[in-house]
């Protein structure tokens with residue numbers, strides 16, 4: 001069914017402006033939200049020269065990415081990759097990487113890769129003392145919520161998210177006032193402050209399941225208006241939405257996809273549910289990044305368009321080189337703030353540590369754990 005209503009900041013005359021409890025608004029997406037490096041913690045800078053030893057040590061890693069990284073580029077990447085993997089062991093650290101990270105990160109230094117749900121679940125199993133989150137800030141916050149006694153680092157705390165920046169905890173409280181008694185579901189693409197105000201979190205992998213688990217006739221679903229529209233089309237629950245959107249996925253159009261099909265009627269198109277409805281209407285399959293990857297593994301299409309972030313297609317092609325990947329795709333500027341260079345610096349100096357107020361974290365953790373326990 002269609003969404004019941006959609007609300008945004010302009011719908012609340014008494015909405016506070018600017019920062020709320022240290023978080024950022026949509027105009028302030030790149031503000032740092034992490035602690036500085038620990039004094040005296042830095043390790044020496046390793047050599048980053050391309051040598052026969054580096055070539056031998058990274059040869060098996062290049063095999064993973066040789067279809068997406070040209071040989072001429074590998075000598076520029078391999079020394080840093082080797083140094084990162086050695087520093088991980090020295091620091092007793094584990095690297096978590098989202099599917100939107102570049103192939104040299106996702107396939108060559110990450111210990112665990114996946115979508116937001118996979119990373120949240122795997123974060124609960126980490127034994128290492130340090131987690132380096134290769135993703136955007138809300139992902140690092142989620143890892144910290146689930147591992148309050150571990151050190152969680154993000155290589156660049158400016159790696160924000162248009163969805164997370166579109167709503168504050170104060171906005172959630174205003175929605176609750178307007179719709180008393182209606183449960184609130186938050187996409188994990190939100191700050192810890194927002195997670196602390198909601199009943200349960202969800203990802204694009206489990207959004208419909210989470211909404212229906214509440215056994216309520218109506219649910220407030222925030223902040224992604226397009227994911228809310230997709231969920232509403234899959235359930236009889238009345239969905240009240242927020243006016244947020246992913247700046248990567250909202251730029252795709254149905255016309256783009258129709259033009260692709262006109263050029264090649266055999267092409268397969270799969271899309272992320274954060275895309276607008278006219279895009280999803282043209283897709284052969286809609287699903288989270290994890291579901292998209294599984295679809296490609298099972299179907300093995302000859303020619304494919306993945307309507308999502310560009311690095312996702314590169315990472316899939318690295319694994320499945322026989323699948324020809326066609327564009328369009330859109331880059332996430334926030335995901336691309338994470339680089340091999342700042343991962344190395346993060347491990348070397350223990351920068352930048354993610355911190356969350358303990359009282360806020362306790363409330364936010366409940367909504368994330370409720371989602372994870374529902375899955376299990």
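Including glycine, each Cβ sits where the backbone N, Cα and C put it.
Nobody curates TrEMBL annotations by hand; they come from automatic prediction.
If you check TrEMBL, you get these features:
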| type | residues | note |
| --- | --- | --- |
| BINDING | 98, 116, 187, 188, 189, 204, 272, 273, 274, 289 | iminosuccinate binding site |
| BINDING | 161, 246, 332 | [4Fe-4S] cluster binding site |
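Annotation: no binding-site residues among 98, 187, 272 have CA atoms within 10 angstroms of the CA of residue 246 ([4Fe-4S] cluster binding site). Within the set of binding-site residues 98, 187, 189, 274, the entry lying nearest in space to residue 161 ([4Fe-4S] cluster binding site) is 189 (CA atoms). Under 8 Å, Cβ to Cβ, and six or more positions away along its own chain, residue 272 (iminosuccinate binding site) finds 204, 249, 286, 287, 288, 289, 292, 307, 308. For the iminosuccinate site, whose binding residues are given in the record as 98, 116, 187, 188, 189, 204, 272, 273, 274, 289, the maximum C-alpha distance rounds to 17 Å. Highest Cβ count within 10 Å among the binding-site residues 187, 332: 187. Here residue 98 (iminosuccinate binding site) comes close to 113, 114, 115, 116, 119, 134, 135, 136, 139, 289, 335: these same-chain residues lie at least six apart in sequence, with C-beta atoms under 8 angstroms from its C-beta. In the three-state DSSP reading, residue 161 ([4Fe-4S] cluster binding site) counts as coil. A separation of roughly 13 Å, to the nearest angstrom, links the Cα atoms of residue 332 ([4Fe-4S] cluster binding site) and residue 274 (iminosuccinate binding site).
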